[in-house]
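The block underneath contains the structure these notes are about, expressed in structure tokens.
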Amino acid sequence: MTRPYNFSAGPAMLPEPVLQRAREEMLNWHDSGMCVAEMSHRGKEFMSIAEGAEADLRELLGISDEYRVLFLQGGASSQFAMVPMNLLRGRTSADYINTGSWSKKAIAEARRFCTPAIAASTEDDRFSRAPVQDELKLSPDAAYVHYTPNETIEGVEFPEIPDTGDVPLVADMSSTLLSRPLDVSRFGLIYAGAQKNIGPAGLTIVLVRADLIGETLPGTPAMFDYGIHAKNDSMYNTPPTYAWYLAGLVFAWLKELGGLAAMAEINRRKAAKLYAAIDDSSFYANPVEPRARSWMNVPFTLADPALDGDFLAGAKAAGLLTLKGHRSVGGMRASIYNAMPEAGVEALVEFMREFERTRG
Ligand code: PMP
């Protein structure tokens, strides 16, 4: 049986070999007699799964010992609060770059804890581009600079990493982490909700430079303290064990595929094919400036929005699921994370061409 292609923005497709492996191991993981979901997080079986996943993630991203890798809960949305709670370290302001809906949420949450200064905003351009380095008004007194390298809703991705000098750079990489190689040493902290490129919802990955943790705002709950999670190897409380295990299977799948350089090559080709189909037509349009077009989330509109319903119904019948755009922007959005096969993008392009030919 072939499965349909699911273009959901997240929770999103998981690699089929990962799902197959999870199925094989469901009732009896490695002769333990247990499903991973039934294991004590402190037992030797789960400890080996946890350590293996961290080692593979470190290898994939080339993460040095200077960084702690945390496997947390609470989603990226909790990080909007945890970042200021942990990284202000006596300062009263932080710089935020505003490039879309998720940046705005991070900024709104930071206001509970400090005065976020807007280093740049593309809101006047309807979030259709990424700012260039010269536009950034960065303060040397900022506790950190926060940005969203890939805006999942608007489909805008920074083509380069901003230079923030000695001020730690913090990135919400929820919808781009693991899509290509990354120089982690450029960052003070990286966080990502798992439900796009990493695994199922319920797990949040944080990579944080060890020297930045340990000084929290007064009143910070233990569960919001990176230092406490780091000291306890992400086992201060019961971690999301099954999600951690599935993420580990995803990391192993990526390694088998040839790592992030190989993944990047596939992702680059997938995105190029889809954008070419949009640009080659006068029926489909994407509003994002070419240099900042996301490899992962491709929003597009039809020349006649009255055809949106027919497009979605036809796509579904052709085995192409969840193409409806975010409710805030409308139109369509194809999320083409790591687990989306190139054949899925090709099937979408073929459907789009046929729809335009017959209905456009
Ligand atoms: N940031 C980005 C860039 C996202 O795409 C999302 C989820 N779509 C979030 C934050 C929020 O993540 P969560 O639902 O895990 O809190």
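Any Cβ shown, glycine's included, is placed from N, Cα and C.
Feature annotations, reproduced from TrEMBL:
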- Arg42: L-glutamate binding site (BINDING)
- Ala76, Ser77, Trp102, Thr152, Asp172, Gln195, Asn237, Thr238: pyridoxal 5'-phosphate binding site (BINDING)
- 5-348: domain 'Aminotransferase class V' (DOMAIN)
- Lys196: N6-(pyridoxal phosphate)lysine (MOD_RES)
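Recorded features from TrEMBL, shown on the structure.
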residue	record	Cβ contacts under 8 Å, 6 or more apart
Arg42	L-glutamate binding site	Met235
Ala76	pyridoxal 5'-phosphate binding site	Trp102, Asp172, Ser174, Tyr191, Ala192, Gly193, Thr204
Ser77	pyridoxal 5'-phosphate binding site	Lys105, Glu109, Gly193
Thr152	pyridoxal 5'-phosphate binding site	Ala9, Gly10, Ser101, Trp102, Ser174, Ser175, Lys196, Met296, Asn297, Ser335
Gln195	pyridoxal 5'-phosphate binding site	Gly10, Pro11, Ala12, Ala201, Gly202
Asn237	pyridoxal 5'-phosphate binding site	Met223
Thr238	pyridoxal 5'-phosphate binding site	His41
* Structure fact -> Students should find that the Cβ of Asp172 (pyridoxal 5'-phosphate binding site) has, within 10 Å, a number of other Cβ atoms equal to 28
* Structure fact -> For Trp102 (pyridoxal 5'-phosphate binding site), the number of neighbouring Cβ atoms whose distance to its own Cβ is within 10 Å equals 20
* How many other Cβ atoms sit within 10 Å of the Cβ of the residue listed as 'N6-(pyridoxal phosphate)lysine'? -> 30
* Asked: What recorded positions in Ala76, Lys196, Thr238 place CB under 6 Å from ligand 1?
  -> Ala76
* Can you tell me how spread out the pyridoxal 5'-phosphate site is, meaning the largest CA to CA distance among Ala76, Ser77, Trp102, Thr152, Asp172, Gln195, Asn237, Thr238, in Å? => 30
* Structure fact -> The predicted model's mean pLDDT over the domain 'Aminotransferase class V' (5-348) is 98
